[in-house]
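Chemist: According to Swiss-Prot, the protein has these features:
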DOMAIN    154-285  domain 'FAS1 2'
CARBOHYD  Asn89  N-linked glycosylation site
CARBOHYD  Asn404  N-linked glycosylation site
CARBOHYD  Asn501  N-linked glycosylation site
SIGNAL    1-21  signal peptide
TRANSMEM  671-691  transmembrane segment
Amino acid sequence: MNLQFRLYLLFILLFISFANGKNEYEDKSTSIIDLLSSKSQFSKLIRRLQRNRLVPYLNRNKGLTLFAPLNEAFPDDSIEPNLLYYIVNTTELDRSVLRTQLKSSDGQQIALKIHYKAETGRAYDKVNNAQIVQSNWRADSGVVQVIDNIIDLPPPALEILSSEKDFSIFHRLSVAWVGEYSSVTMLVPDSSAFLNVYTNTELAYLYSMYAAEDVKTLIHQHILVNQRVYAEDVIEPKTFHYKNGISISMKFDKDQKKLFINDVSTTKYDLLTFSGAIHTVSSLINPEIISFTPAKYLIGIGAAWFSEKLSRERKSISVDKTSKRAILAPTNWAYREIIDIDYHIIENFDLPAPNKYALYVTNIKSGNSVGEDTNALVRIATGSAGEMYVNVETRSIQSENIGNVSLYVLDKDIEPPQPLLSQLILVDEISFSVRYLASLGLGDYTKVTWFLVKNSAWTQLGLVHLVLQQNLELLESVMLDYAFEGIAFYGSSDEAWASGNYTTLSNKEFLIEGVYEDSNSRNKRDLLRINNEIYEVQTRDLLVKDGVVHLVDKVKLPFSVSQKDMIIAGGRKEFLELLDKFEMLDMLDSGYPVVVPSLTGSDVNTKDSSFAERHIIDPEKRNFVISGSRLSVDSSPWISIQDYGYSELGNVYFVQNAIPTKRQNRWRITFISISGLLLSVGICVLCYKIYFKFFRNRFMNQGEREPLLAPADSDTMAGRRNSSSLSV
């Protein structure tokens, strides 16, 4: 009896328990399909299960969980989700990431992720993007989790990488490699991890097409190919191997909810992708696997084509970063395939200090005129702001260092020094000298040190310059006096000239010595004494093939130019005809200054001898004054000088108007004086009229207004009446 009572009581308790726990989805059916069929809210899902032939699968297999969308999740009958993604082979939702029955092309299961409300603080658990509105609807064959929406498949890995700013560098590098794998676990460093390890130059190289193999190697340090590893797969530590055999360890601390890779915590984990998962890390894994070289750095700073040639022709130099050297590389737009690679390499290089230059020996061999094989030189200067110039005209636009190697990208290509004329033809400041060398056929001399005169010095010669241009024999003697046998470099800004006797190409021997100038001088000049004449060297060591050029600020003629030659060269032969007419040509070249006015043919016939004598100046007898570009003779008005020529035989001055006679001067002075006086009187009269008119009107107006301003007394009025009577 007691046993029967106990059984009856147990039955009653079980009945009450089931009654209290019952909800609208509860049923006594034994299969998942029967559960769904019992509720009209799943009619659309059942039709899709039937079309996809999944009904037998759900009826036949046990221990499954189906995430079942309500009819409201299918607003359009055309929506056909892959329902295998809604089925997982477990009834226990005891982990965040669950592998579904949907498989990738390599047969691995695509996962979904549960976001539990206890962790998120939401009202419902979520699976990917859908909310679980009713959980754990159980059947004998499995469990149904009712959801309010269609479950989105995980996005492709590249979509996640491109959408996150922190992944931008990894995305840019990996875009060519990630998509080729059906299953992959990615250990993605954030952008700061790259910036902490690599310089801008190194990143620029990695972004280039030349870095494909290096980038692939680096990316493969951060992906586990053909493996889908989620955090809860490694609650017990596991070791995984990359394709190159290097291994890493992974461990998930479930209590701390942290995933560790090589004992370093990830910043995020289990970001699901269609091909696997992304775990983010704050540092690179094995970054040292990539070795950077000078050739790679050249690519990073914009000289990729030069880098390719360097790697082909000088492979040992392209990878050596321990030797102290400089590599001068033209930028891509200035690159030429016929480039002399060795001329761009300098061993034992130190950059000159600001505002200094130095000559450096390059690696290229340059045969000279006598068959000697020497290394070609290159001239490198540094500007005040640290900018670098190569062979004067070429500028460095970017620089970088790797190990002991200095790399410079140039805006133009450089080549070994060319013959004199070819090398200097584009140097504007000595265009006169270069043209004269070409005209005289002097450009082919070898093993010569040239002191070339700047254009400004030639133009300062005035009429003498015209004489030289018209007399090539004289011009050649001048040019040869500034060309010395042998190559004499300064070597650098800090080197002094090696004083001594030097032989010119005209077989003269000159003493050349440096001139000391106080180093504390504010405007210190670079001076040389050549044959007792002081010159300022304005540019040192311009390199040419088999020679060197220094630019100087003036020219000294080895002879005296006659006044007659200067007058002829200036095109004023009428003045010579006038002198010849009066047999006065012998007065030229006597040391007297000659002022040459502009004359016509008729002037030669009409002017008298006094006119000619007036323009040949004896400074001891006449007052001759020059001020700037004007002259005056015997206190005459200033006359503008149009051109001039200086010579030991006498200077020549070209003017437009003739020097006036003393009588003309007196009349001119008188006229100017009278004109000045009349002008002064006129101004005074005008001022008086203006003054009188203004103040008279002012006083009259005041007198007229006075009765209105103040009433007069009776005596005053009477006096005014009397005065009026008298005036009538």
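Just so you know, glycine gets a Cβ as well, placed from its N, Cα and C.
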Chemist: What counts of helix, strand and coil residues does DSSP assign across the domain 'FAS1 2' (154-285)?
Modeler: 50 helix, 38 strand, 44 coil
Chemist: Quick one, of the glycosylation sites Asn89, Asn501, which Cβ has the fewest other Cβ within 10 Å?
Modeler: Asn501
Chemist: I want to check the contact list for Asn404 (N-linked glycosylation site): same chain, sequence separation of six or more, C-beta distance under 8 angstroms. What comes out?
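Modeler: Expected: Lys321, Thr322, Ser323, Lys324, Arg325.
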Chemist: Would you mind giving the whole-number mean pLDDT across the domain 'FAS1 2' (154-285)?
Modeler: 93
Chemist: Roughly how many Å lie between the Cα atoms of Asn501 (N-linked glycosylation site) and Asn89 (N-linked glycosylation site), rounded to a whole value?
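Modeler: Rounded to a whole number, the Cα-Cα distance is 102 Å.
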